[in-house]
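**Student:** Taken from TrEMBL, the feature active site covers D81. For E151, the entry in TrEMBL reads active site, proton acceptor. The Zn(2+) 1 binding site annotation in TrEMBL covers H79, D116, E179. Per TrEMBL, the feature Zn(2+) 2 binding site maps to D116, E152, H380. According to TrEMBL, the feature domain 'Peptidase M20 dimerisation' maps to 192-304.
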Amino acid sequence: MAASLPEFPTSVKNFQRYLQIKTVQPTPDYATCGQFLRDMADELGLPHQVYEMAPGKPIVVMTWEGKDPTLPSIGLNSHTDVVPVYEEFWSEDPFAANIVQDDAGEHRIIARGTQDMKIVGMCYLEAIRELRNRGVKQLLRTVHVIFVPDEEIGGADGMQAFTQHDSFKKLNLGLMLDEGLATPDNLYKVYYGEKAPWWARFTAEGNTGHGSKFIPNTAGPKLANVINALLQFRGQEEKRLIAGKDEATGKLIREGDVTTVNLTMLSGGKQHNVVPHALEACFDIRVSPFVDYEKFSAWLAELAHRNDVTLDYELKYTKPNVTFLENNPWWAAMQRVGKRLDIPHDADILTGATDSRWVRCLGIPCLGVSPMRNHPILLHDHDEYVTVNCYLEGIHYYEHLIEELANVG
Ligand SMILES: CSCC[C@H](NC=O)C(=O)O
Ligand SMILES: [Zn+2]
Ligand SMILES: [Zn+2]
């Protein structure tokens, strides 16, 4: 028989309620989510605004005004949507937010969106509640808690559109916090930049004919050359990362220094014995922000050209997406909090793309952190979970971090 569970604090119940709202792509329930967030704002006594860049896709902004509202504000951003599930591979209903005790005695909250990234959104709010309960009436800078839709599908109707809107400019953000990743290590990862997503499609065309013949100039060998070259490049980059050091210069190589390449889709052909007119290969390429984008783009174009293959991009991000940490007062404030709470902070580049890119390209600093240490990385995976203790630590962390950041003079 399962051991009976203890009574959890209201903050945990609020997290469960948020997780139970099916904001799952491709048909997220944003109406229920918007209502839930508005209710939370009312409960916390935070004035709030709801913006819609597209009908039925609410952006909720809650505002805690600072003593000096003319100073650039602190944005606490999170997305409300979550990715789809393969329900048959889950040990619990992914939208029940059940709590299950593991072998180490930890209570796991299992649900889609626990790590990515409803934990972060709820921690922001519960941290503000704690600060207020502690008698903190106002911080120096204004704090905006921002909840956006559609991050998981690129943010076109969410953060991307919002950044073009006057109400975004009026937030006057000096810093925006956004998501990071869990880590199995005993530290928090802080992401100061991201790789650039390039979704490349190579299409080869050639002669057709009977599948039993040696037909010259067919699509297959052309596309195979391109695939081989890219997979070879992939291997080299992987090797550099594993070695951890540049052979020539001795410089350390970290995740952010390498470019990843994955063959993600292959298509074409009609029948086994008909040589196809066209074949197509799609790659998800994540370009290191320290790479010369023009040079790399030229290399890909030349690779395609040399093999008589056409190249087009479903997505090709080339804008700046790094927040430099040298002499960065926000990063210094985060590190102070890390020291105080005895949680090491490790700066890195994120492999995935978040809504931060729409904000960094405006010149606004963004730092990504998700307060999950000693946890496997389960975003977009089956049985995504965080422990109750991790969530409670996250609240405590933001309680300190929000105060520290919003009081930066
Ligand atoms: C570039 S739009 C897709 C964004 C997505 N973000 C999280 O997984 C990603 O694939 O990185
Ligand atoms: Zn996310
Ligand atoms: Zn995601």
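Backbone N, Cα and C atoms are what each Cβ position is placed from, and that goes for glycine too.
Show me how these features fit into the structure around them.
**Tutor:** Sequence-distant neighbours of D81 (active site) (same chain, 6+ residues apart, CB-CB distance under 8 A): T23, V24, Q25, P28, Y30, P149, D150, E151, E152, I153.
Its own atom aside, the Cβ of H79 (Zn(2+) 1 binding site) has 26 Cβ atoms within 10 angstroms in the protein chains shown.
If you draw a 10 Å sphere around the CB of D116 (Zn(2+) 1 binding site), it holds 27 other CB atoms from the protein chains shown.
The domain 'Peptidase M20 dimerisation' (192-304): residue composition by secondary structure is 40 helix, 38 strand, 35 coil, according to DSSP.
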**Student:** Of the binding-site residues H79, D116, E179, which one sits closest to H380 (Zn(2+) 2 binding site) when you measure Cα to Cα?
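**Tutor:** Checked the binding-site residues H79, D116, E179; minimum Cα distance to H380 (Zn(2+) 2 binding site) goes to D116.
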**Student:** Tell me which recorded positions (D81, D116, E179, H380) have a Cβ under 6 A from ligand 2; sequence order is fine.
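**Tutor:** Checking each Cβ against ligand 2, the ones under 6 Å are D116, E179.
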**Student:** Give me the long-range Cβ neighbours of E179 (Zn(2+) 1 binding site): same chain, 6+ apart, Cβ under 8 Å, in sequence order.
**Tutor:** S78, H79, D116, M117, V120, T354, G368, V369, S370
**Student:** Per residue, counting other C-beta atoms within 10 angstroms of the C-beta, which of the recorded positions E151, E152 reaches the highest number?
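**Tutor:** Top count of Cβ atoms within 10 Å goes to E151.
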**Student:** Which state, by DSSP, holds E151 (active site, proton acceptor): helix, strand or coil?
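**Tutor:** For E151 (active site, proton acceptor) - judged by DSSP and reduced to three states - the answer is helix.
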**Student:** Looking only at DSSP and grouping its letters into three states, which state does H79 (Zn(2+) 1 binding site) belong to?
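**Tutor:** Note: H79 (Zn(2+) 1 binding site) is in a strand by DSSP.
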**Student:** Just the recorded positions from H79, D81, E151, E152, E179 whose C-beta lies under 6 Å from any atom of ligand 3, please, or none if there are none.
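**Tutor:** The qualifying recorded positions are E152.
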